[in-house]
Amino acid sequence: MRKVKIGELINSLVSEVEAIDASDRPQGDKTKKIKAAALKYKNALFNDKRKFRGKGLEKRISANTFNSYMSRARKRFDDRLHHNFEKNVIKLSEKYPLYSEELSSWLSMPAASIRQHMSRLQAKLKEIMPLAEDLSNIKIGTKNSEAKINKLANKYPEWQFAISDLNSEDWKDKRDYLYKLFQQGSSLLEDLNNLKVNHEVLYHLQLSSAERTSIQQRWANVLSEKKRNVVVIDYPRYMQAIYDIINKPIVSFDLTTRRGMAPLAFALAALSGRRMIEIMLQGEFSVAGKYTVTFLGQAKKRSEDKGISRKIYTLCDATLFVSLVNELRSCPAAADFDEVIKGYGENDTRSENGRINAILATAFNPWVKTFLGDDRRVYKDSRAIYARIAYEMFFRVDPRWKNVDEDVFFMEILGHDDENTQLHYKQFKLANFSRTWRPNVGEENARLAALQKLDSMMPDFARGDAGVRIHETVKQLVEQDPSIKITNSTLRPFNFSTRLIPRYLEFAADALGQFVGENGQWQLKDEAPAIVLPDEEILEPMDDVDLDDENHDDETLDDDEIEVDESEGEELEEAGDAEEAEVAEQEEKHPGKPNFKAPRDNGDGTYMVEFEFGGRHYAWSGAAGNRVEAMQSAWSAYFK
């Protein structure tokens, strides 16, 4: 089975198009060659009817993945203009002299800025017809027309100066000039709709109508499933759990690992409705009010649209939110993001955001499933839950929304350009919601209280004051971080006896709320009530589509390979796979033999031993004369 990197296909396409552009062929021949190159790329991925028929269809990527890979290819040409763009813009500026200055300025702009300015001009020209109708109802030059004209100027800010001039003494000349703007602008709008800005290849890297219909039907099916399988969140439990996270001391998080970032990263997303990449990297937040921030850096937008700021709600104090975002981004586990976004080489065609998301989703999603107690839940669910909470909390009471419906509310707070996209963010409902609910920040430290009940037993627990000292140390640790897990490694730096530590942990296990798990290590008892309320009918996990606007990014496509050919036998792609198979075979021959890791000498006469047996992991720490004796003691501790 031969596999080809999608990056190789895209780089091959780019090289071929560049060679065509650099050739001395007539432009008509270049266009034909470019179209053929785009067709070859599409056939390799999806459209080759000879390759993808019969059983070959099983190896073909989905239409949605095809669309995402097409987007990757298109992005490589984003900064290139159409070969006739300059010539056509010059013609337009000569044909429409009243708009010549605006059109001519495009010739010195990069492609992204041209698209932005063109979009603004088109939006302005689309206002000509309604503006002309409104003006026809005003008798310009009369005494009572001034107020009406000022009101109209405020209604159409892009035309404000031209409209305001109608209140001047030479209003007739200004009116005639405005009508000329209307006349030329109406024709210009039609010509702009036919103006090709992008490189020629982009017009051939498009989905067919059948492919687009297939994708749209899948989105419709996903939406239908969501609407008929809502998820109920217990609002007080969910928010209390989120507040418990953000109220912890920052030192209580293990921010040296990606998995250690998960609790704080999810909590910040839950409180703001922002995407993972917006929280971790590209979002810019500044305090705008007690529970509002100004947000810049919306993901899944063209580069020219990312400079638009939005005012969004935070479900906690905005100052605390911004502070925690900065703390999270400056932690050691996020220090290598600049390297990650560079990718693994020229054939890594994922977006920078996609590269970050690939490593973080793997680290964060397992924690989210545990936190919510539901294997169907993932990090991005925080966005939809936030939208529902924000709607219940603010929509009916904030004057900002008095003239709009709920669809506009969801669109605005989520940053969508399309009112239909927000329909996918209504899968969650809230149970026990109350606008007057407040988090319990003064809750008694139950573990500390339970430990304090053991105080009277400590003087006789060990020789001298050893029992009292280890007990006081544990109480201090639990007071600083109520959720800390106390283990051998936690107490070893305090130089307590290696025999005393496991004895104390066993004695205080109930007070600490800990137990020895299947892996032989201490675990915290999770007695928190369920956040996701049980369904009457358990749903199977749904292969969801991340639908954010019409610009679908490739963040979820972590696999950079596709199968482009078939063979009868299966081959191992790397030698490492063969080695793993050999190890597995040996393990099958000797199922009863424990697998020890090399014992770790702690330097104080004690050893740390870990081993696996019967599919379970075991750990032991204690005094021993040598490594062999340590391994024997570890085995005896569990299997006498």
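The first residue you see is number 1, and the count goes up from there.
Even glycines carry a Cβ here, placed using N, Cα and C.
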From candidates K290, K300, K369, K402, Swiss-Prot puts in the same DNA site as R275, R383, H416 the residue K300
Taking all protein chains shown into account, the Cβ-based neighbour count within 10 Å for K300 (DNA binding site) is 23
If we take the residues R275, K300, R383, H416 that the record assigns to DNA, their largest CA-CA distance in Å comes out at 14
For the binding-site residues listed (R275, R383, H416), most other Cβ atoms within 10 Å of the Cβ sits at R275
Sequence-ordered binding-site residues within 10 Å (Cα) of Y425 (active site, nucleophile), taken from R275, K300, R383, H416, are R383
Using a 10 Å radius on the Cβ of Y425 (active site, nucleophile), the other Cβ atoms enclosed count 24
In the three-state DSSP scheme, R383 (DNA binding site) belongs to helix
